[in-house]
Structure formats: C-alpha cells, structure tokens
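Here is what TrEMBL records for this protein:
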DNA_BIND  71-127  DNA-binding region
DOMAIN    69-126  domain 'Homeobox'
DOMAIN    129-331  domain 'TLC'
REGION    340-360  region 'Disordered'
TRANSMEM  37-54  transmembrane segment
TRANSMEM  138-158  transmembrane segment
TRANSMEM  178-197  transmembrane segment
TRANSMEM  262-279  transmembrane segment
TRANSMEM  299-323  transmembrane segment
Amino acid sequence: MDLLPDIWRQEYWLPPGVTWRDVEQLAESDRPRPHDLLVALPLALGFVALRYMFERFIAPPMGRCLGVKKRLQVTAAPSPKLEVFYSQRSRQPTQSDIVSLMSLCGKTQRQIERWFRLRRNQDRPCQTKKFGEATWRFFFYLTAFMSGLACLVVRPWFWDLRECWRRYPFQPMERAHYWYYMLELGFYGSLLLRISVDIKRKDFKEQVIHHLATIFLLSFSYCANYIRIGTLVMLLHDSSDILLESAKMFNYGTGWRKTCDTLFVVFAVAFLVTRLVIFPSKIIHTTLVLSMEAFEPFFGYYFFNVLLMVLQVLHIFWAGLILRMVYKFLKGKLEKDERSDEESEIEEDDKGGEENMDQGEDYCLEKSKNNLNSQLSMLTNNCVLNNLTNHRASVADRMRKAQ
C-alpha cells in the first residue's frame, strides 16, 4: 500500500535540497504533472484510428503513383496435416520432421519442403502493406520534426546546451513543448498497441526495447522536468527517421532505384552522424557532465542516463546493420533493408532460389506437356490426312479399272 507514495519521494525525482513544495512555486500550467501523461492514452488510440484511415484511403493512391505492386502469390495446396504442423509446431521443419511428415502425408521430401516454403510466403506481408506502414511513419516523423524544429530553434537551449540546466528544476513548461511530448508519447504508444499486427521484422525485439525505453524516457523526463533536454532527444531521433521511411517508400515502388539509393546514402550518413556522434558527444555529455554544474547526482540523474545508454546501445546495433548495407551497396549487391525490411521468419534466399527453381521446373514440365500434346495432335492429323489420301487414291484406281 505504501509502494505508490514511495515512488513519488522527492529524492527520486528532484536534486538534493529541492522539495515538491519548492516546485509548486511555479504556476500550475507552467509545471509538468504526472497525471498529464494520461492524455497520451487517448492520443495513442487516436493515432491507431488515424493510421487505419490513412493506410486505407491515402496510402493506396500514393502507392499507385510510385508504382507499388502487389506481389503475385502461389498458394500452397490444402493439406490439413501439414497445416496443423505449421500452425502448432513449427514453420520451418527439421530434417527429422520432414521424414515423419513424408510417412504421415504420403508426399516426397521435395513436395513437403515446397509446401512449407509456399505456406511461409503466404504469410509474408504484401508490398502495399509495407508501403502503407512506411508512409504513415514518414508523415508523422516529418510533421513532428518540422513542428519540433519550429518551436525549438528560437529557444536558447537549442544553441547552448548549458541552458538546459539553468535554474533547474524551476523551469516553466511551454504549451508547445507539452504537446510535443504528448504527441510523441501517443505515437510510440500506438506502435506498441499495434505491435501484434504490424510487420514483424528482423530487429523486432530491438524495436520493442526501443519503444519501451523511449516511453519510459519521455515519461520520466516529463515528470522530472527534463523537458528541455527531452525535446532535443526527440528532435534528433526524428531527423534521420524521416530519411529511412522515405527510402523505404521508394524502395517498394517501381522505377525509383536511383532515388532510393540516394535517400539510403543520405540516411546512412545522417544516422551515423546523429546517433553515433551528436547523440553521445552532445546529448549524453550534457546529461552526464554539464548537468553536474547545476545540481548533485540523484536517482533521477542515474535513471535518465541509463535509459539514454540503452538507446545508445540500440544505435550501435542498428549502425552495424547499416554499415553492412553500405558494404553491400558499394559491392552492388544491396537488394533489401538489413535493418528493418526483412521479415524475421522468411527465407528470402529460398524465394529467390529454390522457389524459382520449383516454378521453373513446373513451367518446363508444363511446356513439355504442351509440346507433347501439340506433337501428338500433329501426328494424329497427319495420320488422318494420309488415310484420306490413300483412300482417295484407291477409289480413283478402282474407277479407272472399271472404265
């Protein structure tokens, strides 16, 4: 029962020597209050509804303009026994599983392997779905970045990071910054609400950790009045995310390869500079070192910096994937987004290799069968013509003899 009041102990949230009573000297509309965070919940639901409308009515015509096409799928033949194994046990059977399924279903190894490959491909999201998701994120990040830049570029802490801690924690909160926080919280909350239906990508677990760390970071920094440094963190992250989502949009289209490659190069440079240079040298240095000029360390100081470190570890992880993409790009072999555009349970190589080989074999067999049918038809026609010719010749001979 005493746990909840203990969470709000001033030693956790405020620098030594500062009490909640001291903070209450600010006007009620000028100070952040914990219950303000509840506004983010209806905003998250609103974002979910708005995204549904956007992906249904706005993204499709945009996709058609960029030449986004639905992938033609070959469906797996109905097989109740294989479907039960696929849905209840594993989508990728081992060699021993295949042997047991061969005796159970009366199919060959190649038929079972091909069935599972086709069945997995059925679960792959189509290009239009991926385009809609990328377009939605692009428009949000673009709007958030432009709005955040407009309300921060005229503030002193945008140019001098020491201003983030001047007179802390007695810093009045502006309404623009309040809505900046609530909208970002609502957006990341909506991503968590849709995480079960969104595309599961290669970095799915890291994305979940990132969303949770971001929500904790925003919530704590708001309650502890770390709003100035918090707005800079959000602005920095949104800047490179715009380029990532725009590159994805053109990647899903047709005939935009050069545009996609250019955006990818710009994104890679922007990500590496903002996340591996500016974020640790400016943001983390500010919270770790410059903040000590204004107050002594306390729990909130350590907790906030730990969350920033978690984000930095994720930045390094994604930077590794991006550098891998850069390496492939320079070798001319870049075909997909290593960071977040490859589904976690899909065999892309199979799609390009064995499945095409299967389809090629099917095509060749079908073509051979058609050729055989045509040849038999020609042979039959020739036989009929020969019989008619012979019959006419014999009739003509009999008529001559009769005469």
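Counting starts with 1 at the first residue shown.
Cβ atoms are placed via backbone N, Cα and C, with glycine included.
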Check the domain 'TLC' (129-331) for me and report the mean pLDDT.
93
Looking only at the DNA-binding region (71-127), how are its residues distributed among DSSP helix, strand and coil?
35 helix, 0 strand, 22 coil
Long-range neighbours of the transmembrane segment (37-54), counting only residues six or more past its ends (CB under 8 A):
132, 135-136, 139, 182-183, 185-187, 189-190, 192-194, 219, 222-223
